[in-house]
Every structure is written in structure tokens, then in C-alpha cells.
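Listed in TrEMBL:
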type	residues	note
BINDING	C:A11, C:Y12, C:S13, C:G14, C:G15, C:L16, C:D17, C:T18, C:S19, C:A38, C:G119	ATP binding site
BINDING	C:Y89, C:S94, C:N125, C:R129, C:S180, C:S189, C:E265, C:Y277	L-citrulline binding site
BINDING	C:T121, C:N125, C:D126	L-aspartate binding site
DOMAIN	C:7-168	domain 'Arginosuccinate synthase-like N-terminal'
DOMAIN	C:179-396	domain 'Arginosuccinate synthase C-terminal'
Protein chains: 4
Amino acid sequence: MSDSVKKVVLAYSGGLDTSVILKWLQSTYNCEVVTFTADLGQGEELEPARHKAELMGVKQIFIDDLREEFVKDFVAPMMRSNALYEGQYLLGTSIARPLIAKRQIEIAKQVGADAVSHGATGKGNDQVRFELGYYALAPDIRIIAPWREWDLTSREALIAFAEAHQIPIPRDKRGESPFSTDANLLHTSSEGKVLEDPWEEVPDYVYSRTDNPETAPDVPEYITIDFERGDPVAVNGEGLSPATLLKKLNDLGKLHGIGRLDLVENRFVGMKSRGMYETPGGTIWHAAHRGIESITLDRGAAHLKDELAVRYAEMIYNGFWFAPEREMLQAAIDYTQAKVTGTVRLKLYKGSVNVVGRKSPYSLYSPKIVTFEDDAGAYDQRDAKGFIKLNALRLRLLGQRDRG
Amino acid sequence: MSDSVKKVVLAYSGGLDTSVILKWLQSTYNCEVVTFTADLGQGEELEPARHKAELMGVKQIFIDDLREEFVKDFVAPMMRSNALYEGQYLLGTSIARPLIAKRQIEIAKQVGADAVSHGATGKGNDQVRFELGYYALAPDIRIIAPWREWDLTSREALIAFAEAHQIPIPRDKRGESPFSTDANLLHTSSEGKVLEDPWEEVPDYVYSRTDNPETAPDVPEYITIDFERGDPVAVNGEGLSPATLLKKLNDLGKLHGIGRLDLVENRFVGMKSRGMYETPGGTIWHAAHRGIESITLDRGAAHLKDELAVRYAEMIYNGFWFAPEREMLQAAIDYTQAKVTGTVRLKLYKGSVNVVGRKSPYSLYSPKIVTFEDDAGAYDQRDAKGFIKLNALRLRLLGQRDRG
Amino acid sequence: MSDSVKKVVLAYSGGLDTSVILKWLQSTYNCEVVTFTADLGQGEELEPARHKAELMGVKQIFIDDLREEFVKDFVAPMMRSNALYEGQYLLGTSIARPLIAKRQIEIAKQVGADAVSHGATGKGNDQVRFELGYYALAPDIRIIAPWREWDLTSREALIAFAEAHQIPIPRDKRGESPFSTDANLLHTSSEGKVLEDPWEEVPDYVYSRTDNPETAPDVPEYITIDFERGDPVAVNGEGLSPATLLKKLNDLGKLHGIGRLDLVENRFVGMKSRGMYETPGGTIWHAAHRGIESITLDRGAAHLKDELAVRYAEMIYNGFWFAPEREMLQAAIDYTQAKVTGTVRLKLYKGSVNVVGRKSPYSLYSPKIVTFEDDAGAYDQRDAKGFIKLNALRLRLLGQRDRG
Amino acid sequence: MSDSVKKVVLAYSGGLDTSVILKWLQSTYNCEVVTFTADLGQGEELEPARHKAELMGVKQIFIDDLREEFVKDFVAPMMRSNALYEGQYLLGTSIARPLIAKRQIEIAKQVGADAVSHGATGKGNDQVRFELGYYALAPDIRIIAPWREWDLTSREALIAFAEAHQIPIPRDKRGESPFSTDANLLHTSSEGKVLEDPWEEVPDYVYSRTDNPETAPDVPEYITIDFERGDPVAVNGEGLSPATLLKKLNDLGKLHGIGRLDLVENRFVGMKSRGMYETPGGTIWHAAHRGIESITLDRGAAHLKDELAVRYAEMIYNGFWFAPEREMLQAAIDYTQAKVTGTVRLKLYKGSVNVVGRKSPYSLYSPKIVTFEDDAGAYDQRDAKGFIKLNALRLRLLGQRDRG
């Protein structure tokens, strides 16, 4: 790998940090920088990023609306698994990284770039997720990770560099920013600063995507979500595209204060970190998906899926989206969703989402069999005796040996 | 196995069904019946059970307060695993059955009984849980499961039998009872009747252990729970015995409407059923335990635990408490809890419980390493490059082969 | 389920036991019996079965050559998983049962039968495998399992029944047969009688499919097997159909005494049994498949596959071929085989089969990277430092806490 | 971490490479070197290592016989799991590394060293295993890995360095050594050079620990191994210490050509490598342990153990011996071995080891239950009907939905 770089595609947000990186790449590597800004539903204007890039002399500027692809090809497959990292986290940041990496590599190939760059730090998971994606899709790509290379190791140094290079500095970045955030259509995450003491409650001002449950409506709201083959396709009977649907669920979740999570988690790089996540629509989606699976999925598939989901979540968290083990689990998971079709009714209230009803043309729930009342011979209770006796046989042999 | 039975120990609640069973056993098998009534914190007076048994001529009556043993030796080991059946159910009924079976077998040995009997139906999980316990602990015991044997297959027949044998019938049992319940210190479950349509919301009158979140206090309550070696030992700084502590958490959970679950689940006997569970204190305990583990448990142990917990939950649900595979998982789980000690702070509010703080003398969370600010060399960001490159190596080789 | 049966499809081998069953079904149920005899490569003439069935008045006789379907759709998918039950058994009996069940149900539908029947005993696994297949494919079928129903519980009674009904009795069945066997193209199994003492070595006369290694050729034989997408397609360069290929491997394995297994295993019905298996060709296939995977499969997929194979093997052993959990694992396994293409060279010698060479156009083995010699920069050894340091980080934090 | 090193403990074999490292450490770091040479049963004289170290001015020389500790505390716990890496490899190198690391850290603490060093290269697994061990046991230790640091990147450079520093060079090291080896009481491994083409058969001269099966005795040998609580304690009735017992099995295995393995495996650092392993005694031990477990271990424990063993093997291979996840699995595994006591009879013949008999005072094998003959009511075959019907229930509901 030579040290000379001709053209680098930078994942560019338009913010201070990646603007500094843009300039640093130009001056350090004396190379052309191509910027790529993705609209993943983070809720920010992207045209200012174009303007800033132009000001810094960038000639090839890519600003792509990836929202539908994000929800359809990344969020939805993941939600089919019911994945929760460490039992709780809906992987909102993790699942966005592979898409950014994929598009960045496509652009690199299109513009003939020999390198890619990103603004993730050397302590976090995102560098891993970006770079595993880059390497999987372009094994010989050159990767530049400025935070691991440069000497701008303090915020003061960064701001001094920005000032020296006429990079505009937002007012709120002058002082120490209180925490760092990442946002996309699925979630907003916050880390660092005021959150670094895991004994201290997250201050209310950190939340940006959800209303405080305490000020949320005093009256519950009921909604329905229709699923087809494992994916939500309509809310309250209205058919919506993947991204539009998630947006709708986000609005509902925000209103009712749903999807806040305060978590100390284990990063892939070996340390624990404390983060705060807001996943309003994803939290509703997750609950609803479990609800529709509960009547349409067989026990054998459901339990195996639950076991595999722990590993699957870990793979996505660690950045192994483009890895064979993730893809083979996806094949298994997707196989199970053929009949995961039907409607779930949910109640939203002051931070909680609860499934209160589910129905499906493919329901495996049989009132005739389960009833306490006379079932007209649908189930022969005497079968249970043999079932128990053979399940018990090995325990009895053990008991005779060990407890005799 | 001969058909003649001399003495049978019956798990006796004092209610209509087990009273009918008591009489039916006496008349069908012409045998002596010994009753065993356990106080597992179900919240009912037990002395009436003694009186009824005496009226029916029972000479040996066992009424045991098992609450502390229940929480200490059954609930607590299970909660150490974070087990959730099918991602949601805290196993409140499942975990009580092995203790009842164990004590029933002890009594059978003490009184020289050759059989045991229970009142669980032939469609449910409880018959399996009871009988796997009996067989594991007394491989040659005779088991009588009246619901699988007798011809009292309708409620009318049952009531007619009761009337014919002077068994008092509670007023509310005359008509069809709207649903069936099970209760102990950990939870109350409800099944059947008005719950049998999974599309219909659970009516509010079904809930008995938790207040409606909508009428719960408008102001959040903060509490702390102290853990030692994986088990809670104090609430708000006050040291409590296992059962007393769970009782305290139940009171808190009830007040704030915490721990309601409406679930369609897969029974071990092969059918889906819809149940409603209220686990107020257990829900708080579960959240708090995850909270204390999050700072004291290493990632390797935590992730493996999460994978094993799916199987562990299935074992308990299916009735395999006294099975080597459950015991070996318990050994692994317990091993991890040596340093799961510290304090968790939680916020209770209208149906939600959220961890808002956690601290421990054994915390593995290192602010020095995780900080975005200068860490004085605690972590060398350049190490991440090698970490990523070697993790990526196999993906690059794959990419060269498959995407070249 | 009424007791009246009109027409039953019997899995009929033509042997004494199923001939007795045929007659017993006719006389007990006064129903028409349709016989189905499958050629799975068991190596017996099937026309005698037709003749016998005709003699007993059977009008619809099905004799089907299922050998290619057996190997292509059942053996091959299983071998892709490297499944070994309890670490050793190649599942030769287990994998044949679902195919028999499937064809039997097809025939039942074709001839309008309302029942099916088989000759498996009430203690074994085969009854479970047959019947789970029947029920999965025809949920309302009536199943007649004579061994669980009749009173012919001793061999004497069986032979008396045969004599009374003019069923011819082979000379060697007069006395106690020394052991019972099952055979198909994949293997022969033997159980019972002289094998029932697990301390006693299996007598040489029990083996029928493999020569004794001690009398096998003194000179090793080298062969090659070509794989395409996970399945063997040629031996020594000669392209062969699935069944023909397995036959060829069986011949080679027999000659060199390969594939004998003496095992005490755990049956699904709860008991341990001791069996002897001969799987000559399957043992070679299994070794070769691992060999070709070793250079074409990525580590992530390979390791996950190894974990899943334990469960997959259990599913097949227990009879859950037609279950969603088996099918979803199959989807995952098949996904991994897209590039499992290439050639394996093996050495056969006196009971052993060893892979001695493997090559593939899709090999992931890179001599350039792995070499101890100068690799011209293909791998930067300094990356290992960062890799180790970040993998060690959590262990160091633990060490500081626990060993300080 | 400062660059100045005062005293370093080197894992020293006395061979050319570690002698060069010794000198290189002295000259590069200008520090005191303490040598540590372990007798793990590699079969070499260790006193020459002492002499060489003295010649190079080493003042503190540790030569420790760790054979009994190696077998008792590392090999035996691992063998209890039946671990096989990638289905085949008995982990002979992997399991020795943690012990060396442990002792090296003990010595470092004893002599007040601030660093440790080893001779493993930057491409292999051993660097990871050593260093994860060091870091786990001494989180702040300084690690020097010369192969990742120095510029002696070719064999010529190494030999030139040796000549320049009067380090004696064995005759066979002058030319390119044909392959590299590692040996201990459990196994010998060979890698590199003539083995680098995975299509080429391993030349016979590479094998050093086992006789060629083709020249092994023409007559099988029968042996017995006694186990107590999962560990072998006697061969042919003669009680032996752990290391002596393994030595005895090695002698038997060598004679009969047992334990050769030619494998392409996946290294933790991301590449595939081809190795040849000889594990004569370990292969016998492994087979025997499965044999004794087959009659003494319950199915539930056995199957779960098989699943966990895949992960356990990976942990050991990757170097995570001193990690909580390995320790928690060990707790589970050890729990299962309480009754794994009894005797196994094995047949050794020309490369094969086969269990031919097993017996135990704790056998769970019940001839009374398993027999095809009349079992006097020990097992009621009619129970199988209910067992099957309830296992089939969910498949029938699925069939009604999906195949109707």
C-alpha cells in the first residue's frame, strides 16, 4: 500500500469535524477529495453541505437520498430478526454504517478514487463498521481514518485548525459540546460528556427525538400495523413505503415518548460505553413484529430464531453486515417470514408500547384446541400422559442412579 | 405399575377444583389422601384449605410457607440468567412448579405415600412441569392426573359432582368463570375465556396485581436496588430477605402499573395460547439486574449468557428444572455473578421501569478509556487500525474471490 | 378420529414382520391394504414383496425406486451440513424415514386411503420419524402402529400368528434372530440381541457392508472427489449421478473397511441404545466435504455452520425433517455452499479415510499471505499488535479489577 | 507505556530463533533478560538451553518441569469438553500457550521484570494466545514481540545476525528448514514450506510422533482406560499420574500410527493455513472419553455439551483461556462430569482407534428398557403414541395451514 493518494471519497456530513477532515485530507495528502453526503433521514438540510464542499474546492459532490433503501434493505431485514444488542439496543447506528460504506465504495469505483475516508474516531465501533464494509466490498481500497492519524487530538487543536483554514465554526461548537450524537431515520444516539458518568441520569435536554413521557398525552392512542411477509406495510390501514412508514411510526413514537434507552454497552473495541438511544418508530415496529410473529410463526422456528438473533445482533453491532455468517443467518431468518402476514393492534401511552391484539389469515393460534371448554375431540388429553412419560424417561433413569 | 393406590399426596389449593379432585381420589381409588398446600405468596388465606380438608376426612394436612425458599432458590437463580421466554415472559408460573413438586415428593416420602396428584389439566404446561419434577425426584412414583383420567370433562359435570358430594361451591364458580388464574409471589397469570380471542384487548377487570398505568401516579418514583453476587439484597438502602424484597418490589410495581404482559405463547404441548401476565416486582428486578450486569459483567460472559438464556428459559418453561442441562447452565450462569454487586437506580412511571443509574465497586466501565477527551494514553487509537485490518482480512480474501 | 378404517397404505418390506402386519391390518380393521415398497438401495430384491402382497390379496402395490431422490434430496442436503449425531453418527437410518413418509402420503392421497401404517416398534426412533412426517404432510391422516397396538408382543406370538395365517417364515427367523438391521444406500444399522451388552465387542459376523479392516488391502488407495456447490459430482474424474456416486463410494469404502461405528446413543424416546453402523460411502463423503469446505468456506460461515450442525443433526435424528426449524437451518446451510466447488484427494487404508489434498478455483487459501517467507507486503505483521491489544482490552480491565 | 525496559522474561527454547531474540533483546533494549524454559513434554533436553543462556550472560534462568500441571490443569479440562477445532483439531498447540504465559508472568512478578517476550511470529495464532494470557494476568505488562518489531524479516538476515553475535547455528538451519514444528506432551504440529500447497500430500518425513500406519503392527491391540469424574486415571488397569498416563497413551498411539491429521484451518488472525498434527495419545483419550460419556451422561447434558464444545474449542484456539466466557463454559462442562466414571475398551489398529466396549457403575444404559424382547413392563410402548402426537401437534397445525 503506497502512501500516495490521488482521489479520496469522504463520507461528509457538512459539520465541523468532517469539514476539518476535508481540508486536512487536501492538505496532508495533496489529493482530490470527493464528498458523499447521505440522506438517511437524519433530519438535517443537506444543501449546506454542498455549499461548504464547493467552498473548499470540491468538484465532485454526491448528495444521495438513501432513505428508502435504508429502510427496505437494511432496517427491515434486521427487524425481521427481532435483534436486540445486549437485550436492549435496536442497533440504529450500527445498521446505517454498511449502507454508507456500500454507497461510498460505489462512488469510489465510479469516480476512480483510490481511497475512502470517514470521520469516526479510533475508540468507537463506527470505524470498524465503515472499514469492514469498505474492505469487504473493495478489498484493496486505501482507507484514511484521520482521527487515528492526525495530531488534532484535542478539541482546541481542531478548532485552531478550522480557524487557520477559514472553516466556519458553529457557535455551539466553540465550547465543549456536551455530548456527541448520530441520527438517522431509525434513531438518534447520544454519547459522551454529560453522559459519561453512568450513575447520573441522562438530562432531559439530551433527548431530541422523543417527547418526555411525563408530558406526553394523558390518553392512550391505539394504532394498527399491517405486516406482509415479515415487513410492515401499512399503519392504521394506510399503505406506506418503507421510509414513509418508519417516519409515520417515528411521529407516533415521538408524541408518546416511546423508545428511550439509557444503556451501558460493550463496544467491539473492548471497552464499555454509556449511550442514550431514541428509537421511537423502531421500538413500535419491534413490538409489533413480535406480535405478528406470535400467531404466525411456529414454535420451532420462533425459538431457533430467538437463539440466532443474539448472534445476529452481535454481528451487526460489530460491523459484520457484509460477512457470510450474517448473510447465512439472514437466509434462515427470511425463510421463516413467508407467512408472517397480518395485523397487530398496539396501545401507545406515555413511553410504553404494548401489543393488545393480533390477527392473521395465517394464524396458527387455534381456539378450538386451546379452549378450556369442550373441544369436540380436537385434542386428546390422554396423549399428554405418554408425552410426559417419554420426556421423563431419561430423568427417571437419572433419578434412579443419582437419587436412589 | 399396579392400579392399586394406598396413599396419595395431593397438591391442594382448597378451591373447588382440587376439592373435587380430593373427593374423587378418595372415591375412585379408595385410598388415603394427604393434602399439601403451599404458601408461595399467592395472597390467599390457607387455613380454609385446612378446614375443608378436615371436613373431607383428611388426616395428614401439610400447609407450608415456602415463600423464602421460592424466591431464594428458584426465582433468584432464574433471574440471574435474565431469562425471558419468547423474548417477553418472566416465567412466573413455570418457576413455581418445581418447588411444589419437590416439596410434594418430600412429603410423599415422609408419609409413605405411593402416589402424588395435581390439578393441572391435560392441555397445559403445568402437568408437564409437575410430573417431570415428580419423576426426576421419585422415578417410581405413581402419578394421578385426574383431568386426564376422569369423565368430569365439563364444568357442569364438575359442579354436579361437587353438589353430589357436599363440596361447597363458591358463588362465582356457578356460572362460567371468565378466565383462569395462577398466582404466586412472582406473578399472576390469566388464561382462557375472555382472553381466547387474541385480537381482543384484555379487559381491565382481568388485571389484579397491578394498577392501571393510566390511573397510576402522575409523578415518577425513583428507587435504588442493591445487588450482591447477582441477587438483590436491598431496596432504597433497606436490606430485606428475598421474599420480603420481592414483596416490596411488587408493591412498587403495582402502584406504578408495571409488569403487565399480553402474550400469545407456544406451549410445550404443541399449541399456542394467549395469556396475560402481571409480574410487577419481577419486571423491576429483571431491569435492575440487567443494569447492574451492564457495568460489572465482561462482554464475553455477557454475550454468551444472553445466548444461553434463550435455552435456559425454554428449559424452565418446559418443566426441565431438575434436568442436568438446566443445572449445567445454572453452573455457568452462577459462575458469572461473583462480581455482580452494586447499586442500580430506577425510575418507575406509569407502566415503565427504566434504569437511570448504576454504580459498583467492581465496575468495568472506565471513563478514562472511553472519554472523547484526552485520555492520557490509556488507549492507543492506532491499535484500532490493526484490529480492523485483521478482522477484515478474511472479508478481503472473500471480496477478492467473490466481488473481484 | 373414528375407529373405522377403509384403506391403509402400509410401508411394506416383504419381510416376515410387515407381512404379519399386512395380514393383521386386514383382519383387525377389515380394511383394504395398499402396500408400498421403496427401493432405497437396501440391496434386496423387491419383486418378492410384490408376489407376497399379491398372495395376501393386495390389489394396489407400489414398488418405487427412490434411490436418486434419496441421495439428491435427502442425503446430499444433510451432508452439506456435516451433521454428526452425538459427534459420530452419520444419520443413515434417520434420513431415509422422511422420504418413505413423504412417498407413503403421496400414495395415500393418490389411492384415497384414510390411514397409513408402518412396522416400527414402540421403543424406537423410527416410529417418531415416520409419524412426524405423516402428520406434517397430512395433518388429519389416521396412523396405525401395530407394534403399539397388538398383543403379538413376543416373537413366539408373531410366528404363531404367521403360521396361523399361512405367512411363510424364513428359516432364520424361527429361532431368535441375533440382531435387527436396517439398510439403505447410505448405511446399514444393527441393533439388539448380541449387541445389547455395551461392554461386549460387536462380533465380526454382524458387519455386512464393510470388509474387516484387518483383511482389507495392504496397499492404500488414493481417490479424488469433485464437488460442485457442496455436492459430490465425480469420483476419480468420472461424473456420476447422486445415487451412482454414493454406490461407487460404498464400493470403495467396503473394500477398505471404512465407516464402521460402534455407538451407544441417546434415543429421542428417552433411552440409551447400542447400535452398530456401517456407512462406507457416507464416511468418505463426509471427510471429503469437510476437506473441500476447508479451502472454500470462510471462517465466519464455517464456525457458525459447525454450531448449527449439532442442532441440525438432532432435528434429523428426532424426526423433524419436515419442520420449519430444519428448513430454516437448511436455508442457511445451503446459502454457504455456493462456492464449495473443487477437488479433494483422499487416501483409503484399512478402515481409515484421510484427506491428503484439496484444490478449488474458489480457494480462499492464500499461500502468499500465509507463507513464513517474505510475503512482499501482503500482510503487515504490525497489524497484529493492534488486533491483540483491542482483543485484550476487556481482559486487561478484568485483570485490573480481579487480579490486581 | 515508556520505551525503556529494565528486565524482560523471555520464553526461551534454546533454539536458534529464541537465541537470536535473546541477544536482540539485550542489544536493542539494553536490558536484562531472564530466560524461562518449560518442559511440556516436547521431548528435548533442556539443559543445553541453560548452557546457552549462561553463555549469553543470562543470570536468572528458569527451567521448569510443567508436564503434570500441563496435563492436569489444561489438557484434562479441555478433553472433558470433547473440543475439536473445526471438527477435527485437538488443539495441542493452543492449550499449551496459556500455561507458558501463566508461568512467565509468575516469574516476571517474582524477579521484578517489567516486560515479557516470546518468539511467535506476527502471522500466527500463538502471538495472540501468549499475549492475551499475559494481558489477562498482568494487565500492565510490557510485551515485546520481536518478530513484529525487528528487521530480521528473512532467514538470511536472522542467520547473519546469529553469526555476527556468535550464536551457534544448527547444521539443519543453514538451508531453508523444510517446515516449522511445535511439540509438547499432547502433540506435534508442523507448518510451512513443503506443506504450503494444500493439494500436495504431507511427505512421510514430516511425521515424527507417529509411526506410519502402513508399517504399524498387523495385529490390533486392545487396551482399557479407566475414567474418574471425566478424567482418565488408569491404562490397562494401571493407575498413572496425568502426564504419565498421557505419555503411555502416546507410546501406544505412536506404535499404531494413531492421531495424524492433515488440515487446512482458519487462523484467528484471518487467514487459512495448512498444518499437520500428530496427537497420538490425545486421539485415544478423546475417543475413550466420548465412549465413557456415552453410557454415563444424560442426553440433555450431552447434547448441550456438544453445542457448547464448538464455541469452547474456538475460545481455546483463539487464545481466550483466561477469559470469563471460557471459564463459565468450563463450570458447565465440569458440572456434567461428576458421574463420568468407568472403563472403556479400545481397539488400536493401523491408524484407527475404536471404542469396542464401555462399562460403568453409573451407567444410564438400561438393557431392561431397551430390549426388543419382553421388558416386563419397564416401558409402556403406548406412551409413544402420546409422545408423538404432542410433538406432532404444531406440525399438524402448520400442515393444515400451509399444505391444506
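Cβ atoms are placed via backbone N, Cα and C, with glycine included.
Overlay of TrEMBL annotations on the structure.
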{"residue": "C:A11", "record": "ATP binding site", "Cβ contacts under 8 Å, 6 or more apart": "C:T18, C:F36, C:T37, C:A38, C:I100, C:Q104, C:V116, C:S117, C:H118, C:G119, C:F130"}
{"residue": "C:G15", "record": "ATP binding site", "Cβ contacts under 8 Å, 6 or more apart": "C:P170"}
{"residue": "C:D17", "record": "ATP binding site", "Cβ contacts under 8 Å, 6 or more apart": "C:G119, C:L158"}
{"residue": "C:S19", "record": "ATP binding site", "Cβ contacts under 8 Å, 6 or more apart": "C:Y12, C:K52, C:M56, C:A162, C:I167, C:P168"}
{"residue": "C:T121", "record": "L-aspartate binding site", "Cβ contacts under 8 Å, 6 or more apart": "C:Q127, C:W147"}
{"residue": "C:D126", "record": "L-aspartate binding site", "Cβ contacts under 8 Å, 6 or more apart": "C:T93, C:R97, C:H118, C:A120, C:D182"}
{"residue": "C:R129", "record": "L-citrulline binding site", "Cβ contacts under 8 Å, 6 or more apart": "C:S94, C:R97, C:P98, C:A101, C:N318, C:G319, C:W321"}
{"residue": "C:S180", "record": "L-citrulline binding site", "Cβ contacts under 8 Å, 6 or more apart": "C:S190, C:E191, C:G192, C:K193"}
{"residue": "C:S189", "record": "L-citrulline binding site", "Cβ contacts under 8 Å, 6 or more apart": "C:G92, C:T93, C:T181, C:D182, C:A183, C:G275, C:M276, C:Y277, C:E278"}
{"residue": "C:E265", "record": "L-citrulline binding site", "Cβ contacts under 8 Å, 6 or more apart": "C:Y85, C:E86, C:Y89, C:K272, C:S273, C:R274, C:G275"}
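In sequence order, the binding-site residues near chain D (CB to CB under 8 A) are C:S180, C:E265, out of C:D126, C:R129, C:S180, C:E265. Taking every pair among C:A11, C:Y12, C:S13, C:G14, C:G15, C:L16, C:D17, C:T18, C:S19, C:A38, C:G119, the residues recorded as binding ATP, the greatest CA to CA distance is 16 Å. Along the domain 'Arginosuccinate synthase C-terminal' (C:179-396), the predicted structure has mean pLDDT 96.
Apart from C:T121, C:N125, C:D126, the residues listed for L-aspartate, the same chain places the Cβ atoms of C:A120, C:K123, C:G124, C:Q127, C:V128, C:R129 within 8 Å of the centroid of those Cβ atoms.
Put simply, C:S13 (ATP binding site) is 18 Å from C:N125 (L-citrulline binding site) when counted between their Cα atoms. For the recorded site, C:D126 (L-aspartate binding site), the DSSP three-state label reads helix. Just so you know, the Cβ of C:Y89 (L-citrulline binding site) picks up 21 other Cβ atoms within 10 Å once every protein chain is counted.
Look at C:D17 (ATP binding site): DSSP puts it in a helix. Cβ-based neighbour count (10 Å, all protein chains) for C:Y277 (L-citrulline binding site) stands at 26. Taking the binding-site residues C:S13, C:S94, C:N125 in turn and counting surrounding C-beta atoms within 10 angstroms, the largest count is reached at C:S94. A 10 Å cutoff on Cβ-Cβ distances gives C:G119 (ATP binding site) a total of 21 other Cβ atoms nearby, all chains included. Residues C:Y89, C:S94, C:N125, C:R129, C:S180, C:S189, C:E265, C:Y277 are the ones the record ties to L-citrulline, and the longest Cα gap between any two of them is 18 Å.
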